[in-house]
Each structure stands twice: as C-alpha cells, then as structure tokens.
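These features come from Swiss-Prot:
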- 5-110: domain 'SSB' (DOMAIN)
- 109-165: region 'Disordered' (REGION)
- 117-129: compositional bias 'Basic and acidic residues' (COMPBIAS)
- 130-144: compositional bias 'Low complexity' (COMPBIAS)
- 160-165: motif 'Important for interaction with partner proteins' (MOTIF)
Amino acid sequence: MARGVNKVILVGNVGGDPETRYMPNGNAVTNITLATSESWKDKQTGQQQERTEWHRVVFFGRLAEIAGEYLRKGSQVYVEGSLRTRKWQGQDGQDRYTTEIVVDINGNMQLLGGRPSGDDSQRAPREPMQRPQQAPQQQSRPAPQQQPAPQPAQDYDSFDDDIPF
C-alpha cells in the first residue's frame, strides 16, 4: 500500500528577523513567518485584488543555523518542507493548536534575489542552501570567505556498495 505525501513548497518573503534557539542536545531551531501573496482581477469590479497568507516555518539542524544567519526580514526565500500540527495546553487550560511548515534534513531552503534593502552585511550566498549529507564539521558557522558547504552527491549509484541490503 502506498504511503501518503506530505510536502509543502513555498516562495515568499520573510516577515521578521529569524528567531534561533538551541535545544538541550545542541541542535538549532529557527522560526520565521513567511508571507505568500496571490493576486487576481475581480470579475465584477475589474479591480486588481491581492490576498496574503502568513505561514509559520520551523527549521531544524544545520538548516536552522543557516536560516538564522542569512535570512532577514524581507528576504525572498524558497522553502520545501512538510506540514505538522502541534497541540499544547495554554495557561488557561484550553487546548491550543498550530500548523507549521517543518524544514528538517529532508527539506530544502534557497535564498532568492539579493539582500533586502538596509542590510549592509555581506553574508548572503547566492546559491541553494541544503543540509550537507555528511558528518557535521567542528565549526558551526562558516566564515564569509570560506567555500560554501558541499552539496549532497547527485550520483546515488556510487553509494550502492555501502548499503547493507
């Protein structure tokens, strides 16, 4: 029997600077809000209409560190992840729910366009940012003059010898 598919792809603008924190095990978690907009022409009035949807996006691991370092309010970004709904109890005892796009080791993030205006840093890379499929380095953040993190190998046939089944 086939499994279900839970995949979300968004292209939008970051609504505020990322919030990065670290879990007790040392893994990074970064939260952003992402605005996506669609526009259409109203058939009755002929006026151009626009609707903006806000999405909560949570990055985990190395992608969380990269998102926290490079994304800023106004950045345009491509995000690929999955939907996840969390439940917790508020201080009033009521159940609360939130649905988020989770971007983890199976996800992808790509910074689009240039740096947002007013950001005078020179840290924004121009190529896709994806979690490397190798052991983590001792250094948690690359210096701007270093080469970008290696991308996962595109030729998966070369890995056949390492698979035990």
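Glycine too: its Cβ is placed from the backbone N, Cα and C atoms.
Taken as a whole, the domain 'SSB' (5-110) shows an average pLDDT of 95 in this prediction. Residue counts for the domain 'SSB' (5-110) under DSSP (helix as H, G, I; strand as E, B; rest coil) come to 9 helix, 64 strand, 33 coil.
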